[in-house]
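See below for the structure under consideration.
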Amino acid sequence: MTENDENEKRKRKWQVFAGRNRFFCNGRCLMANDSGVFGLTICLIIACSALFFAFECRLTYAKIHLGWLVILAGAILTVFSICFLLRTACSDPGIITRATNSEANAVEQIIKDEEEKTGRLNKPRHKIVSINGMTIKLKYCYTCRFFRPPRASHCSLCNNCVSRFDHHCPWVGNCVGERNYRYFYLFLVSLCILCLFIFSASVAHLILYSKEIDLSTQEERGFMLALKDSWGSLIEVVTCFLSIWSVLGLTSFHTYLIFFNITTNEDIKGSWDTRRQPDAFNPFDRGSYFKNCLSVLCGPLPTRTRFEHFANEEDYEVFDFAKTLESGNYGNTTNTTQINGVYASNGVTNGQAYPVQANGDATLPGTSAGETNPAKDNPSLNL
(Lines of atoms letter the chains of each structure in order from A and count residues from 1; the text may use other names and numbers.)
(Lines give C-alpha, C1' and ligand atoms only; values in the text may rest on other atoms or scores of the structure.)
Protein backbone atom coordinates (compact mmCIF):
# COMPACT_ATOMS: atom_id res chain seq x y z
CA MET A 1 0.00 0.00 0.00
CA THR A 2 1.42 3.35 -1.03
CA GLU A 3 1.65 6.41 1.19
CA ASN A 4 -1.12 8.11 -0.81
CA ASP A 5 -3.46 5.16 -0.20
CA GLU A 6 -2.75 5.30 3.53
CA ASN A 7 -3.44 9.06 3.63
CA GLU A 8 -6.76 8.55 1.85
CA LYS A 9 -7.87 6.14 4.60
CA ARG A 10 -6.79 8.46 7.42
CA LYS A 11 -9.41 10.84 8.71
CA ARG A 12 -9.04 14.59 9.04
CA LYS A 13 -9.51 16.46 12.31
CA TRP A 14 -12.89 17.80 11.21
CA GLN A 15 -14.13 14.24 10.60
CA VAL A 16 -13.51 13.28 14.24
CA PHE A 17 -14.47 16.64 15.72
CA ALA A 18 -16.58 16.33 18.87
CA GLY A 19 -18.67 19.47 18.34
CA ARG A 20 -21.90 19.84 16.37
CA ASN A 21 -20.56 22.03 13.58
CA ARG A 22 -20.83 21.36 9.87
CA PHE A 23 -17.63 21.57 7.84
CA PHE A 24 -16.96 22.56 4.24
CA CYS A 25 -13.89 22.80 1.99
CA ASN A 26 -12.19 19.89 3.76
CA GLY A 27 -12.47 21.50 7.19
CA ARG A 28 -11.38 25.03 6.26
CA CYS A 29 -14.91 26.43 6.66
CA LEU A 30 -17.41 25.60 9.36
CA MET A 31 -20.91 26.59 10.41
CA ALA A 32 -23.39 25.71 13.12
CA ASN A 33 -25.98 23.02 12.52
CA ASP A 34 -28.86 25.50 12.76
CA SER A 35 -27.96 27.44 9.62
CA GLY A 36 -31.49 27.69 8.19
CA VAL A 37 -31.97 31.28 9.35
CA PHE A 38 -28.61 32.13 7.77
CA GLY A 39 -30.09 31.16 4.40
CA LEU A 40 -32.96 33.58 5.03
CA THR A 41 -30.49 36.36 5.87
CA ILE A 42 -28.47 36.02 2.70
CA CYS A 43 -31.60 35.60 0.54
CA LEU A 44 -33.08 38.85 1.90
CA ILE A 45 -29.87 40.76 1.18
CA ILE A 46 -29.59 39.38 -2.36
CA ALA A 47 -33.30 39.88 -3.11
CA CYS A 48 -33.37 43.51 -1.94
CA SER A 49 -30.17 44.28 -3.81
CA ALA A 50 -31.51 42.63 -6.97
CA LEU A 51 -34.70 44.73 -6.79
CA PHE A 52 -32.57 47.84 -6.29
CA PHE A 53 -30.54 47.18 -9.44
CA ALA A 54 -33.65 46.17 -11.41
CA PHE A 55 -35.86 49.17 -10.58
CA GLU A 56 -33.85 52.06 -9.14
CA CYS A 57 -30.70 51.98 -11.23
CA ARG A 58 -32.31 52.66 -14.62
CA LEU A 59 -34.04 55.89 -13.62
CA THR A 60 -31.20 56.96 -11.31
CA TYR A 61 -28.67 56.66 -14.12
CA ALA A 62 -30.90 58.58 -16.56
CA LYS A 63 -32.20 61.39 -14.35
CA ILE A 64 -29.44 62.11 -11.83
CA HIS A 65 -26.10 63.70 -12.67
CA LEU A 66 -23.33 61.21 -11.90
CA GLY A 67 -26.03 58.64 -11.18
CA TRP A 68 -23.56 55.87 -11.92
CA LEU A 69 -21.91 56.69 -8.58
CA VAL A 70 -25.14 55.72 -6.82
CA ILE A 71 -25.14 52.40 -8.67
CA LEU A 72 -21.47 51.82 -7.82
CA ALA A 73 -22.08 52.62 -4.14
CA GLY A 74 -24.97 50.15 -4.03
CA ALA A 75 -22.83 47.44 -5.60
CA ILE A 76 -19.95 48.02 -3.16
CA LEU A 77 -22.24 47.98 -0.11
CA THR A 78 -23.91 44.76 -1.30
CA VAL A 79 -20.59 43.02 -1.89
CA PHE A 80 -19.22 44.18 1.47
CA SER A 81 -22.32 43.01 3.35
CA ILE A 82 -22.30 39.56 1.75
CA CYS A 83 -18.53 39.13 2.18
CA PHE A 84 -18.57 40.06 5.87
CA LEU A 85 -21.61 37.81 6.41
CA LEU A 86 -19.86 34.84 4.81
CA ARG A 87 -16.64 35.60 6.70
CA THR A 88 -18.55 35.56 9.98
CA ALA A 89 -20.64 32.51 9.16
CA CYS A 90 -17.92 30.26 7.76
CA SER A 91 -14.96 31.01 10.04
CA ASP A 92 -13.80 29.47 13.29
CA PRO A 93 -15.25 31.73 16.02
CA GLY A 94 -12.46 30.77 18.42
CA ILE A 95 -13.18 27.15 19.30
CA ILE A 96 -10.96 25.99 22.16
CA THR A 97 -9.59 22.50 21.60
CA ARG A 98 -10.85 20.00 24.15
CA ALA A 99 -8.44 18.52 26.66
CA THR A 100 -6.88 15.20 25.73
CA ASN A 101 -7.02 12.25 28.10
CA SER A 102 -3.43 12.73 29.26
CA GLU A 103 -3.96 16.44 29.92
CA ALA A 104 -7.19 15.83 31.80
CA ASN A 105 -5.74 12.99 33.88
CA ALA A 106 -2.67 15.02 34.87
CA VAL A 107 -4.66 17.81 36.48
CA GLU A 108 -7.33 15.47 37.81
CA GLN A 109 -4.61 13.88 39.91
CA ILE A 110 -3.66 17.31 41.25
CA ILE A 111 -7.24 17.95 42.33
CA LYS A 112 -7.50 14.53 43.95
CA ASP A 113 -4.34 15.20 45.92
CA GLU A 114 -5.81 18.50 47.07
CA GLU A 115 -9.02 16.79 48.19
CA GLU A 116 -7.07 14.18 50.13
CA LYS A 117 -4.91 16.84 51.73
CA THR A 118 -7.81 19.04 52.83
CA GLY A 119 -10.25 16.23 53.53
CA ARG A 120 -12.93 17.96 51.43
CA LEU A 121 -14.40 15.83 48.68
CA ASN A 122 -16.52 16.91 45.71
CA LYS A 123 -15.54 20.55 46.11
CA PRO A 124 -16.84 23.01 43.50
CA ARG A 125 -15.07 22.82 40.16
CA HIS A 126 -13.83 26.35 39.79
CA LYS A 127 -10.58 28.24 39.99
CA ILE A 128 -9.86 31.78 41.14
CA VAL A 129 -7.61 34.01 39.04
CA SER A 130 -6.68 37.68 39.25
CA ILE A 131 -6.76 39.90 36.16
CA ASN A 132 -5.59 43.49 36.59
CA GLY A 133 -6.62 43.39 40.24
CA MET A 134 -10.08 41.89 39.59
CA THR A 135 -10.78 38.45 41.05
CA ILE A 136 -12.49 36.16 38.53
CA LYS A 137 -13.84 32.65 38.96
CA LEU A 138 -13.00 30.24 36.13
CA LYS A 139 -15.70 27.61 35.72
CA TYR A 140 -14.88 24.03 34.90
CA CYS A 141 -16.38 22.64 31.69
CA TYR A 142 -17.32 18.99 32.16
CA THR A 143 -17.77 18.50 28.43
CA CYS A 144 -14.45 19.94 27.26
CA ARG A 145 -12.68 18.93 30.52
CA PHE A 146 -10.82 22.12 31.31
CA PHE A 147 -11.21 25.34 33.25
CA ARG A 148 -12.65 27.84 30.81
CA PRO A 149 -10.34 30.80 30.15
CA PRO A 150 -11.62 34.24 31.13
CA ARG A 151 -14.51 35.38 28.90
CA ALA A 152 -14.88 31.93 27.33
CA SER A 153 -18.18 30.09 27.47
CA HIS A 154 -19.62 26.79 26.27
CA CYS A 155 -22.19 27.05 23.48
CA SER A 156 -24.86 24.42 24.04
CA LEU A 157 -25.95 24.54 20.38
CA CYS A 158 -22.49 23.97 18.89
CA ASN A 159 -21.20 21.99 21.90
CA ASN A 160 -17.91 23.90 21.97
CA CYS A 161 -16.14 26.26 24.33
CA VAL A 162 -15.50 29.51 22.45
CA SER A 163 -12.84 32.07 23.31
CA ARG A 164 -14.26 35.51 24.23
CA PHE A 165 -17.73 34.14 23.58
CA ASP A 166 -20.18 36.88 22.62
CA HIS A 167 -23.33 35.00 21.58
CA HIS A 168 -24.67 32.36 19.22
CA CYS A 169 -26.26 34.15 16.28
CA PRO A 170 -28.73 32.14 14.16
CA TRP A 171 -28.87 34.99 11.62
CA VAL A 172 -25.24 34.34 10.65
CA GLY A 173 -25.40 30.60 11.36
CA ASN A 174 -22.45 30.53 13.74
CA CYS A 175 -21.17 31.45 17.17
CA VAL A 176 -19.70 34.93 17.48
CA GLY A 177 -16.44 34.85 19.38
CA GLU A 178 -12.92 36.23 19.47
CA ARG A 179 -11.92 35.18 15.95
CA ASN A 180 -14.97 36.43 14.03
CA TYR A 181 -16.44 39.22 16.17
CA ARG A 182 -14.80 42.01 14.13
CA TYR A 183 -16.28 40.60 10.92
CA PHE A 184 -19.68 40.31 12.60
CA TYR A 185 -19.54 43.98 13.60
CA LEU A 186 -18.43 45.05 10.12
CA PHE A 187 -21.32 43.03 8.71
CA LEU A 188 -23.75 44.90 10.97
CA VAL A 189 -22.30 48.28 9.98
CA SER A 190 -22.32 47.53 6.24
CA LEU A 191 -25.83 46.05 6.43
CA CYS A 192 -27.09 49.09 8.33
CA ILE A 193 -25.67 51.46 5.71
CA LEU A 194 -27.03 49.25 2.90
CA CYS A 195 -30.55 49.31 4.39
CA LEU A 196 -30.49 53.10 4.73
CA PHE A 197 -29.05 53.46 1.23
CA ILE A 198 -31.64 51.23 -0.49
CA PHE A 199 -34.48 52.79 1.50
CA SER A 200 -33.40 56.32 0.51
CA ALA A 201 -32.82 55.35 -3.11
CA SER A 202 -36.21 53.64 -3.36
CA VAL A 203 -38.08 56.62 -1.92
CA ALA A 204 -36.19 58.98 -4.24
CA HIS A 205 -36.97 56.72 -7.19
CA LEU A 206 -40.70 56.71 -6.43
CA ILE A 207 -40.75 60.51 -6.10
CA LEU A 208 -38.84 61.04 -9.36
CA TYR A 209 -40.99 58.53 -11.20
CA SER A 210 -44.23 60.09 -9.92
CA LYS A 211 -43.14 63.52 -11.19
CA GLU A 212 -42.30 62.30 -14.69
CA ILE A 213 -44.60 63.53 -17.46
CA ASP A 214 -46.80 60.87 -19.02
CA LEU A 215 -46.55 61.32 -22.81
CA SER A 216 -50.12 60.13 -23.38
CA THR A 217 -51.76 62.57 -20.94
CA GLN A 218 -49.06 65.24 -20.74
CA GLU A 219 -49.48 65.15 -16.94
CA GLU A 220 -47.40 63.88 -14.06
CA ARG A 221 -47.79 60.16 -13.49
CA GLY A 222 -48.64 60.57 -9.82
CA PHE A 223 -47.60 58.59 -6.79
CA MET A 224 -50.16 55.77 -7.15
CA LEU A 225 -49.10 55.02 -10.71
CA ALA A 226 -45.48 55.07 -9.56
CA LEU A 227 -46.29 52.43 -6.94
CA LYS A 228 -48.07 50.33 -9.57
CA ASP A 229 -45.32 50.52 -12.18
CA SER A 230 -42.42 50.30 -9.71
CA TRP A 231 -43.75 47.65 -7.32
CA GLY A 232 -40.21 46.47 -6.60
CA SER A 233 -39.39 49.81 -5.03
CA LEU A 234 -42.42 49.48 -2.77
CA ILE A 235 -41.20 46.06 -1.59
CA GLU A 236 -37.76 47.52 -0.88
CA VAL A 237 -39.19 50.45 1.09
CA VAL A 238 -41.33 48.18 3.27
CA THR A 239 -38.57 45.58 3.80
CA CYS A 240 -35.88 48.12 4.64
CA PHE A 241 -38.22 50.13 6.88
CA LEU A 242 -39.08 47.03 8.92
CA SER A 243 -35.46 45.82 9.04
CA ILE A 244 -33.58 49.03 9.74
CA TRP A 245 -34.84 49.39 13.31
CA SER A 246 -33.49 46.05 14.48
CA VAL A 247 -30.28 46.35 12.43
CA LEU A 248 -29.61 49.90 13.59
CA GLY A 249 -30.42 49.00 17.20
CA LEU A 250 -28.13 45.96 17.10
CA THR A 251 -25.32 47.98 15.51
CA SER A 252 -25.65 50.67 18.18
CA PHE A 253 -25.68 48.06 20.94
CA HIS A 254 -22.48 46.40 19.71
CA THR A 255 -20.84 49.80 19.25
CA TYR A 256 -21.55 50.44 22.92
CA LEU A 257 -20.10 47.02 23.83
CA ILE A 258 -16.93 47.72 21.84
CA PHE A 259 -16.46 51.15 23.43
CA PHE A 260 -16.41 49.51 26.88
CA ASN A 261 -14.77 46.21 25.80
CA ILE A 262 -17.71 44.08 26.98
CA THR A 263 -19.25 41.00 25.38
CA THR A 264 -22.97 40.36 24.96
CA ASN A 265 -22.63 37.39 27.30
CA GLU A 266 -21.04 39.57 30.01
CA ASP A 267 -23.64 42.30 29.53
CA ILE A 268 -26.55 39.86 29.92
CA LYS A 269 -25.02 38.26 33.00
CA GLY A 270 -24.02 41.61 34.48
CA SER A 271 -20.48 40.36 35.06
CA TRP A 272 -19.11 43.85 35.80
CA ASP A 273 -22.32 45.36 37.19
CA THR A 274 -21.54 47.42 40.31
CA ARG A 275 -25.14 47.06 41.45
CA ARG A 276 -24.57 43.35 41.94
CA GLN A 277 -20.95 43.64 43.07
CA PRO A 278 -20.04 47.06 44.51
CA ASP A 279 -16.32 46.48 43.96
CA ALA A 280 -16.69 45.05 40.44
CA PHE A 281 -15.01 46.63 37.42
CA ASN A 282 -14.15 45.48 33.93
CA PRO A 283 -10.50 44.31 34.01
CA PHE A 284 -10.39 44.23 30.21
CA ASP A 285 -11.25 47.92 29.81
CA ARG A 286 -8.26 49.69 28.22
CA GLY A 287 -9.21 53.06 29.69
CA SER A 288 -10.47 54.81 26.55
CA TYR A 289 -12.97 54.23 23.76
CA PHE A 290 -10.24 54.38 21.12
CA LYS A 291 -8.03 51.79 22.82
CA ASN A 292 -10.99 49.48 23.37
CA CYS A 293 -11.91 49.74 19.70
CA LEU A 294 -8.34 48.94 18.68
CA SER A 295 -8.25 45.99 21.08
CA VAL A 296 -11.52 44.46 19.90
CA LEU A 297 -11.41 45.23 16.18
CA CYS A 298 -7.67 45.30 15.45
CA GLY A 299 -6.10 43.14 18.17
CA PRO A 300 -4.25 39.87 17.48
CA LEU A 301 -6.37 36.76 16.98
CA PRO A 302 -5.75 33.30 18.44
CA THR A 303 -4.47 30.68 16.04
CA ARG A 304 -7.13 28.84 14.08
CA THR A 305 -7.54 25.13 14.72
CA ARG A 306 -6.31 23.33 11.61
CA PHE A 307 -9.28 21.04 11.10
CA GLU A 308 -8.03 20.14 7.62
CA HIS A 309 -4.96 18.37 9.04
CA PHE A 310 -4.89 14.62 9.60
CA ALA A 311 -6.26 13.42 12.94
CA ASN A 312 -3.83 11.91 15.43
CA GLU A 313 -4.37 9.43 18.25
CA GLU A 314 -5.29 12.16 20.73
CA ASP A 315 -8.01 13.47 18.39
CA TYR A 316 -9.56 10.00 18.28
CA GLU A 317 -9.41 9.77 22.09
CA VAL A 318 -11.24 13.08 22.49
CA PHE A 319 -13.83 12.05 19.90
CA ASP A 320 -14.41 8.65 21.54
CA PHE A 321 -14.82 10.26 24.96
CA ALA A 322 -17.33 12.78 23.59
CA LYS A 323 -19.41 10.04 21.96
CA THR A 324 -19.31 7.98 25.15
CA LEU A 325 -20.45 11.02 27.12
CA GLU A 326 -23.32 11.72 24.71
CA SER A 327 -24.48 8.09 24.67
CA GLY A 328 -24.90 8.06 28.45
CA ASN A 329 -22.64 5.00 28.84
CA TYR A 330 -19.87 6.90 30.53
CA GLY A 331 -19.85 4.76 33.64
CA ASN A 332 -19.54 1.52 31.64
CA THR A 333 -16.28 2.36 29.95
CA THR A 334 -12.78 1.80 31.23
CA ASN A 335 -10.65 3.26 28.46
CA THR A 336 -11.66 6.90 28.81
CA THR A 337 -10.56 9.50 31.27
CA GLN A 338 -12.73 10.52 34.21
CA ILE A 339 -15.33 13.19 33.65
CA ASN A 340 -13.76 15.40 36.29
CA GLY A 341 -10.55 15.69 34.30
CA VAL A 342 -9.31 19.25 34.02
CA TYR A 343 -7.26 21.18 31.52
CA ALA A 344 -4.66 23.11 33.48
CA SER A 345 -4.08 26.83 33.45
CA ASN A 346 -2.15 29.03 35.81
CA GLY A 347 -3.84 31.21 38.38
CA VAL A 348 -2.73 34.72 37.43
CA THR A 349 -3.06 36.55 34.14
CA ASN A 350 -1.93 39.88 32.82
CA GLY A 351 -5.15 40.90 31.12
CA GLN A 352 -4.64 38.45 28.24
CA ALA A 353 -7.43 36.62 26.50
CA TYR A 354 -6.01 33.40 27.97
CA PRO A 355 -4.29 32.74 31.29
CA VAL A 356 -0.54 33.00 30.85
CA GLN A 357 2.27 31.40 32.81
CA ALA A 358 3.01 33.25 36.04
CA ASN A 359 6.50 33.70 37.42
CA GLY A 360 6.10 31.29 40.27
CA ASP A 361 3.53 33.40 42.12
CA ALA A 362 0.51 31.29 41.22
CA THR A 363 -0.34 27.78 42.34
CA LEU A 364 -2.74 25.21 41.05
CA PRO A 365 -5.09 23.31 43.35
CA GLY A 366 -3.05 20.71 45.14
CA THR A 367 0.19 22.69 45.14
CA SER A 368 1.55 25.20 47.58
CA ALA A 369 4.12 27.93 47.24
CA GLY A 370 7.48 26.41 46.36
CA GLU A 371 6.05 23.11 45.15
CA THR A 372 6.28 21.90 41.58
CA ASN A 373 3.50 23.11 39.34
CA PRO A 374 2.79 20.45 36.68
CA ALA A 375 1.28 23.05 34.37
CA LYS A 376 4.51 25.03 34.52
CA ASP A 377 6.66 21.95 33.92
CA ASN A 378 4.50 20.89 30.99
CA PRO A 379 3.60 23.87 28.75
CA SER A 380 1.09 21.74 26.84
CA LEU A 381 -1.18 21.90 29.89
CA ASN A 382 -1.55 25.67 29.67
CA LEU A 383 -4.44 27.28 27.84
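Here the Cβ of each residue, glycine as well, is placed from N, Cα and C on the backbone.
Model, not experiment: these values are computed from the prediction.
Features as listed in TrEMBL:
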| type | residues | note |
| --- | --- | --- |
| DOMAIN | 136-269 | domain 'Palmitoyltransferase DHHC' |
| REGION | 354-383 | region 'Disordered' |
| TRANSMEM | 37-55 | transmembrane segment |
| TRANSMEM | 67-86 | transmembrane segment |
| TRANSMEM | 183-210 | transmembrane segment |
| TRANSMEM | 230-259 | transmembrane segment |
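For the domain 'Palmitoyltransferase DHHC' (136-269), the predicted model reports an average pLDDT of 89. DSSP places the residues of the domain 'Palmitoyltransferase DHHC' (136-269) in helix, strand and coil in these numbers: 72 helix, 24 strand, 38 coil.
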